[in-house]
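Features as listed in TrEMBL:
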SITE      10  site 'Transition state stabilizer'
SITE      17  site 'Transition state stabilizer'
SITE      154  site 'Positions MEP for the nucleophilic attack'
SITE      206  site 'Positions MEP for the nucleophilic attack'
Ligand code: C5P
């Protein structure tokens, strides 16, 4: 599932973030190319804003043609919050699907090796798997007044990315319980289920600001 229904207000573009061009291709197109390059992916549900359903369909068709994938992409309308969009996507999955990857379109340059690592870990028996990278900054937990209350040991921290992979039944149960986490693994943690972290990749950065878009352009070897 590729969630692409956010407005991207922090990017300040005229179109929703997933439809902003990067080297001439919308972020969603780059993201889909990565997803469809993962051999384990049998179907894709794209979750987009209501006004972008046709555009998303056209982007999906173009990418499918480019990578030689056929008839595997469904487009559905997302919701107000990310959790609502994931729930909408879950409702559109085919009956036989047992493993679900949830991927942010905003992490449009995620290498296929990250998808493969997540899939491999779920297939090896993990119920929930997230890619993550070591944290280089020292992180402080603060109270509402900005006063530091704790400094977690940095070596125990990971900055997590997508795709996040789940046994379908666990993800459905997690979304039935609550929806207000900033990632899907957070909902699964609340069920008391274990979440495994595998190696992420700096190229899986989330495009949030125009500076991130410039970083993504540099990674592609172009200027934005
Ligand atoms: O807002 P944020 O950058 O955390 O969004 C992460 C991903 O979730 C993006 O790909 C965005 O399009 C998606 N999203 C969504 N529906 C929302 C909000 C965010 O699909 N209502």
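Yeah, the Cβs are placed from backbone N, Cα and C, and that goes for glycine too.
Since the structure is predicted, the reported quantities are computational estimates derived from the model, not experimental observations.
Here the CA atom of residue 17 (site 'Transition state stabilizer') lies 9 Å from the CA atom of residue 10 (site 'Transition state stabilizer').
A count of other CB atoms within 10 A of each Cβ picks out 17 as the most crowded of the recorded sites 10, 17.
Across the recorded sites listed here (154, 206), the residue whose Cβ sits among the most other Cβ atoms within 10 Å is 206. On the backbone, the CA of residue 154 (site 'Positions MEP for the nucleophilic attack') and the CA of residue 17 (site 'Transition state stabilizer') stand 31 Å apart.
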